[in-house]
Every structure is written in C-alpha cells, then in structure tokens.
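Per TrEMBL, the features are:
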{"type": "DOMAIN", "residues": "A:5-99", "note": "domain 'HTH arsR-type'"}
Protein chains: 2
Amino acid sequence: MHPAIPDEFLDLMAEKFRMLADPTRLAILRALMGGERNVSRVVEETGRNQANVSKHLKMLADAGLVARRKEGLQVFYRVDDPLVERLCKLVCETIVQEAEQEVERHRTLLSGWSKASP
Amino acid sequence: MHPAIPDEFLDLMAEKFRMLADPTRLAILRALMGGERNVSRVVEETGRNQANVSKHLKMLADAGLVARRKEGLQVFYRVDDPLVERLCKLVCETIVQEAEQEVERHRTLLSGWSKASP
DNA sequence: TGACTGAATAACCGATCTGGAATATAGTTG
DNA sequence: CAACTATATTCCAGATCGGTTATTCAGTCA
C-alpha cells in the first residue's frame, strides 16, 4: 500500500523544499508574488544587498521557480511555478494556526491558575 | 497589497521547509505515512543505517512533525503534523506533472523532427 | 569611444549539514 | 549480576550554504 519511493524522486522533492528553506529566498519570492520585479526593486523590498539577491534569484531560476526576462539594462523576474504560492500559503496558515493554539493554551493555563490561586 | 513579511516569520516558514528538504527525512516520513513504526522498521524500510535514522527522527520530533511513543525497548514514531502529508502530496503531484510535460515536450520535438527529415 | 548603470560572478570565510563509526544509554532476560 | 537488544548520542570529515566584498559583464548614452 505504501511502497518505498526511489531515491531519485526523493531528491527531486527535497530540492523543491530546499529552495523554500531559506528566509532570503522566501522574502524574494514574497516580493515577486506582488508581480514582476526587476532586481533593484527586489533588493529594495527585501532589504538584502544586490549580490545576495542576484545569487538567490539565480538559484530560484535554475530550479525553475522563477522566470527571467531581460529588458535593456534591467532584468525582470517573476514567479513561474504555481507550487510556490500554494506551498507558502499552506505553511503560512499552519504557522498562524499553531500560534493561535499557543495563545489558547496560555489562556487556559492562565485561567486555571487564576482559579487555583485566588 | 503585498506588505513585506517580518524576518521572524520568514524564519519560521524556512524551518518548516528545511525539515522536508532532505531525502532521508522524506524517506522516513514516507515510511511513517504507512502508520506508526518503531525505529528498526523505519531502518528497514528506508535502507539507511540506525544512527542516521535515529538522528533524523529526533530532528523531526523536535520540529513537531512526528510524535514519539516508548514501549519497552522499542520506540514508536508516527506523523503528527497534518502539514506533512499535504505538502508532500502537493510536491509529488507537481513533480509528476513536470515529468509529464517533459515527456510531452519531447514527443512534440520528436514528431517535428520526423516530419522535417523524411 | 568613454562614462555610467544594472546585474552577474568570483573569491573568501564562517556556519551548518550529512553520513558513518564508535560509544553510551535504557530496558529486558537469564 | 551479566549478556543482550533497541535506541540514542558523540565525535569526526567532507560537503554545502549563506553573506560580504570586490570585480566583471552587458547595455545605454553622451
């Protein structure tokens, strides 16, 4: 029912996840989710320096997550894999939910404490 | 419309993805998706050695993706985060789709070639 | 052509990650 | 108690990663 998955396939999966496993790349993707952007604009919106952004953009492009378009001096990038938005959305929601649960847990702990020690 | 996301939140997201960004951990999770398993069984099903599996299981447990249950000499693990299956499913589907598109692309290239050179 | 701009690359370094071997721990059984 | 089993931990080497600085490349414009 649950046959093992060939290593080659696991590597492909891991690579997809690895691309999303870095805060700078996530920030870049977030910027690109606002629409196509040139490198300078991504630099502004992410607060990272230019060399760094260029390097990560290359990784993302090599992995096929973003597409490149050259126009004169500038280079424009855009998200090019529908997976990106869906994965990020799922994870975001989960983190928010976990945070809410944590708040709720504290609330109940606190109420128990206030009852237990009047 | 698309405000920047605080680095602290990006770090949380990256950490989730990082846990899934390794073939061995994916193999382990795959095994656990078949139901609760003790370490030895995970070792068998993944083909990795024991120390390695134990180490990765600890990471997954610390990250809250799997849960631990001790029973005598053995320790049983199970998937404990609904996110895992959903993320993996999405990525798997995408990879399969990409592979299919690749095949299709080759097919059309090939047909064009056979027409062009009779 | 030369000056200028936006982007990519190279070189370097510290940090982190992975796997393997050896060792340690916890629990069972005789 | 000692021997054994299942799991965890430690230590190590090699690889990869991420950020920074400096440099290079490509394209524009005077």
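Just so you know, glycine gets a Cβ as well, placed from its N, Cα and C.
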Quiz item: Quick one: mean pLDDT on the domain 'HTH arsR-type' (A:5-99)?
Solution: 95
Quiz item: What is the number of residues in the domain 'HTH arsR-type' (A:5-99) that are helix, strand and coil, as DSSP sees it?
Solution: 62 helix, 14 strand, 19 coil
